[in-house]
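I have a structure here, written as structure tokens, and I will follow up with some questions on it.
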Amino acid sequence: MMKGYITLSFLIILIFNFLDEFAASTRHLCDPDQSDAILEFKNEFETLEESCFDSNIPLKTESWTNNSDCCYWDGIKCDAKFGDVIELDLSFSCLRGQLNSNSSLFRLPQLRFLTTLDLSNNDFIGQIPSSLETLSNLTTLDLSRNHFSGRIPSSIGNLSHLIFVDFSHNNFSGQIPSSLGYLSHLTSFNLSYNNFSGRVPSSIGNLSYLTTLRLSRNSFFGELPSSLGSLFHLTDLILDTNHFVGKIPSSLGNLSHLTSIDLHKNNFVGEIPFSLGNLSCLTSFILSDNNIVGEIPSSFGNLNQLDILNVKSNKLSGSFPIALLNLRKLSTLSLFNNRLTGTLPSNMSSLSNLKLFDATENHFTGPLPSSLFNIPSLKTITLENNQLNGSLGFGNISSYSNLTVLRLGNNNFRGPIHRSISKLVNLKELDLSNYNTQGLVDFTIFSHLKSIEYLNLSHLNTTTTIDMYEILSSFKLLDTLDLSGSHVSTTNKSSLSNSSLVLISQLYLSGCGITEFPKFLRSQELMLTLDISNNKIKGQVPGWLWMLPVLNYVNLSNNTFIGFERSTKLGLTSIQEPPAMRQLFCSNNNFTGNIPSFICELPYLSTLDFSNNKFNGSIPTCMGNIQSPYLQALNLRHNRLSGLLPENIFESLISLDVGHNQLVGKLPRSLSHISSLGLLNVESNKISDTFPLWLSSLQELQVLVLRSNAFYGPIEKTQFSKLRIIDISGNQFNGTLPANFFVNWTAMFSLDENEDQSNGETMSNMYMSTDYFYFDSMVLMNKGVEMELERVLKVFTVIDFSGNKFEGEIPKSIGLLKELHVLNLSNNALSGHIASSMGNLMALESLDVSQNKLSGEIPQELGKLTYLAYMNFSHNQLVGLLPGGTQFQTQKCSSFEDNHGLYGPSLEKICDIHGKTPQQSDMAPEPEEDEEEVISWIAAVIGFILGTALGLTFGCILFSYKPDWFKNPFVRDKRRNIGTITH
């Protein structure tokens, strides 16, 4: 009886529950007030159907009508029991407009039950109104991929139920509000791809349930808060591409659930914390492009789930970490651009799932482990620019290899190339450049590589002549070929027609002993890049070259060309597209006559180098008439050009060099309109003008060279805030230099104080978009010795006012220029005392104030300038004790001669070495001493240049591939720790 009663009661409860659910599902769910509020919200914005992501997909709002239940509208979800709208999803709805504080979304209480608001992937603008806090039940807020701007309102801290927040891919700025710490239920927080700045608030450590933190691609700075170590549920920590500094917190090693860490492109220093080896769930660790030192911790051998390890472009040292061989799941290992040494382990095949191994630009030695070629999954091996040596062996390559990229260039391999390389039939990229083959090479071994697209066999040190027709007929997919430095035959010795040759896009034949212009090029309709520099090609450049439809980089430098076919007109018809030429290098040839006017028919030209030829006549007037939006570098130096500089020159120029010609007249005032101009060099001409003070309006001007002309008159206080090199020597400037003359030359004050180097946005980045560099050069004059600097370096700062008629005292403001390296004020009429403020020039390496009327003592402060390698105080009226610094004691006696009042132990030591005193000014210096001085000066300057950290140039670049002769243009300064720019 009791059992039956219980069963009946249970059935009654089930029936009532069913009826309740049935009633809920059949009644009208959407409250009309909520429906009206949603429609009002939609009408606040413009719908742009033409800019929709997919015009074939109907818009969500098309189903929103007055006579239908809003709970069935697309993007709307209602509470099943009470009918309240709880989710509003308008993602991908092609909406444009501003989210106002009085929007119905916040103003009307009918929408207060919303838990999800998704406005992602639209075109919303403006700021987030603080009235957002009225949606107090929100758990999900997604505003990603719009154009929102401004700051995150601090009122967001009142949305205490938030679990998911995504503001990525907008234009937000400002700091993260500390009120974020009140969102105690938050699990995912994404601010990536915005303009946020400031420090990450320590209150972020209060988000104890956070699993995902993404702050990448912003401008956050400062150290990471140690409170990050309290986020014990964190799985993804993505902080790349910011300006974070300091050490990586060791407390991150406590976050045992972490699967992904990405800290690349910041300014972290110190060592990788050993504690990170405790992260047993970690699958991806990316730390590239920082300033990390030390070794990869041996504890990383415990990360048995690790799939990606990328520590490229740091300062890591030590040997290859053997512990990494325990990582059986590792697929990507990038050690590129560090300071790792020693040999690579022989048992690399332990990394059985490895797909990419990149150890380029380190200091590895020893043989290449053949075990690498026994890893079936391996697709990419890049080991360029190391010191690997021995013969190149490929081990027991299986009949089927997955290897697609093998780059071993610029090592010390020697011996024959093993035929087993022909088994790598899936290779798409092969670089064996600078391989010392020590004899003949059988190039047929490469003919089996039918998939090859990129082939670099430059500088193989072989006596074999490479037949271009055989090479181009063997590879049907070849796109880039570099045979530079090898002997190449471009003559068709077979029955092959040009139509049977593969059409490639990039060809490098520099220094190949070629004597005639390659005729097969005429049919290369897909050619983008052509380098036939450093050969022995004579005659004229064929006119058909400019008709190749997509050719945009040509290097003809260092040949013996004498002219151009069709030098006046290209002969384009009205329906032909103009040539695509962007960079043209023709320096160091024997071109004569006028500059060809067809240059003006190349509307996309960005770099033109005609330097070191025999062009004469005037610069074509058409170069002044064409308003090219592309031309950035124009180099006409060392020719025989005459006449005036064109009044209207290209307004997009970054670098203009017309030095060593016979130009006359004045500098065209239109130069002041070239707002992008960074380098102006008119040295060694016959220009007669006053100092171009009007160039102060050029905010990007960094190099100004007026030396050896006929400039005249006084110079007033200038405003060159970015000037790094100024050479006005050998002119007729006169007058006094005001005491505050240098106060606005802030670029020479201090790199640390005036430039934010943390983001890497320095001189090179302003002018470079890819990897082709154009180098500016200049000439320094000192004591009659000219030295040509082939590259203008960002950290190289020079002031040369020598050989003029300046009077008065050296401006005391010279002491502000703490980053000045070369100062030459010689051969003027300067008087008074040498300013003691010159003791502040801590970077100074060369000082010449000879041949003036300076009096008083040499400031003792100069003895503390530890980098001062060359100095000359001769032929003045100096007196007193010579400073006793080491740098003074290494100078020549002649550096102080004709200063009868100088004395002291340092002077006696210097002059006793050479058997004379500085008072013997009437005696001619011995030739040996002159030679030693010249050699000392050259060594000082060249030593500085070669030792300077990462030279940065004015550049014009067009392609993604980098020629060998541009790959490593600069070396590090071992004496001075100046930061470098990333690869």
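For all residues, glycine too, the Cβ spot is worked out from N, Cα and C.
A quick note: this is a predicted structure, and the numbers were derived from the prediction, not measured.
Below are the features I grabbed from Swiss-Prot:
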- 1-25: signal peptide (SIGNAL)
- ASN66: N-linked glycosylation site (CARBOHYD)
- ASN190: N-linked glycosylation site (CARBOHYD)
- ASN195: N-linked glycosylation site (CARBOHYD)
- 376-399: repeat 'LRR 13' (REPEAT)
- ASN389: N-linked glycosylation site (CARBOHYD)
- ASN456: N-linked glycosylation site (CARBOHYD)
- ASN461: N-linked glycosylation site (CARBOHYD)
- 475-498: repeat 'LRR 17' (REPEAT)
- ASN492: N-linked glycosylation site (CARBOHYD)
- ASN498: N-linked glycosylation site (CARBOHYD)
- 501-524: repeat 'LRR 18' (REPEAT)
- ASN558: N-linked glycosylation site (CARBOHYD)
- ASN590: N-linked glycosylation site (CARBOHYD)
- ASN616: N-linked glycosylation site (CARBOHYD)
- 702-720: repeat 'LRR 26' (REPEAT)
- ASN824: N-linked glycosylation site (CARBOHYD)
Which is it, of ASN66, ASN190, ASN195, ASN389, ASN461: the one of these glycosylation sites whose Cβ has the most other Cβ atoms within 10 Å?
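Sorting the candidates by Cβ neighbours within 10 Å, the top entry is ASN190.
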Which one is closest to ASN616 (N-linked glycosylation site) in space, judged by CA to CA distance, out of the glycosylation sites ASN456, ASN498, ASN824?
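Closest by Cα distance to ASN616 (N-linked glycosylation site) among the glycosylation sites ASN456, ASN498, ASN824: ASN824.
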With DSSP as the reference, give the number of residues of the repeat 'LRR 17' (475-498) in helix, strand and coil.
1 helix, 5 strand, 18 coil
Among the glycosylation sites ASN190, ASN195, ASN389, ASN461, ASN492, which ones place their C-alpha within 10 angstroms of the C-alpha of ASN558 (N-linked glycosylation site)?
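So the list reads none.
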Show me the subset of ASN66, ASN389, ASN461, ASN492, ASN590, ASN824 whose Cα is within 10 Å of ASN498 (N-linked glycosylation site); these are the glycosylation sites I mean.
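Checking Cα-Cα distances against ASN498 (N-linked glycosylation site), the glycosylation sites within 10 Å turn out to be ASN492.
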Which whole number is the mean pLDDT over the repeat 'LRR 26' (702-720)?
93
Under the DSSP assignment, what numbers of helix, strand and coil residues are found in the repeat 'LRR 26' (702-720)?
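For the repeat 'LRR 26' (702-720), the helix, strand and coil counts are 0 helix, 5 strand, 14 coil.
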Across the repeat 'LRR 13' (376-399), what are the DSSP residue counts per state (helix, strand, coil)?
0 helix, 7 strand, 17 coil
Does ASN590 (N-linked glycosylation site) have same-chain partners at least 6 apart in sequence with Cβ under 8 Å from its own Cβ, and which are they?
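Spatial neighbours, sequence-distant, of ASN590 (N-linked glycosylation site): THR560, PHE561, ILE562, ASN613, LYS614.
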On a C-alpha basis, identify the one among ASN389, ASN456, ASN461, ASN492 that is nearest to ASN195 (N-linked glycosylation site); the candidates are the glycosylation sites.
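Minimum Cα distance from ASN195 (N-linked glycosylation site) across ASN389, ASN456, ASN461, ASN492 lands on ASN456.
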At a 10 A cut-off on CB-CB distances, which of the glycosylation sites ASN456, ASN492, ASN498, ASN558, ASN616 has the highest count?
ASN456
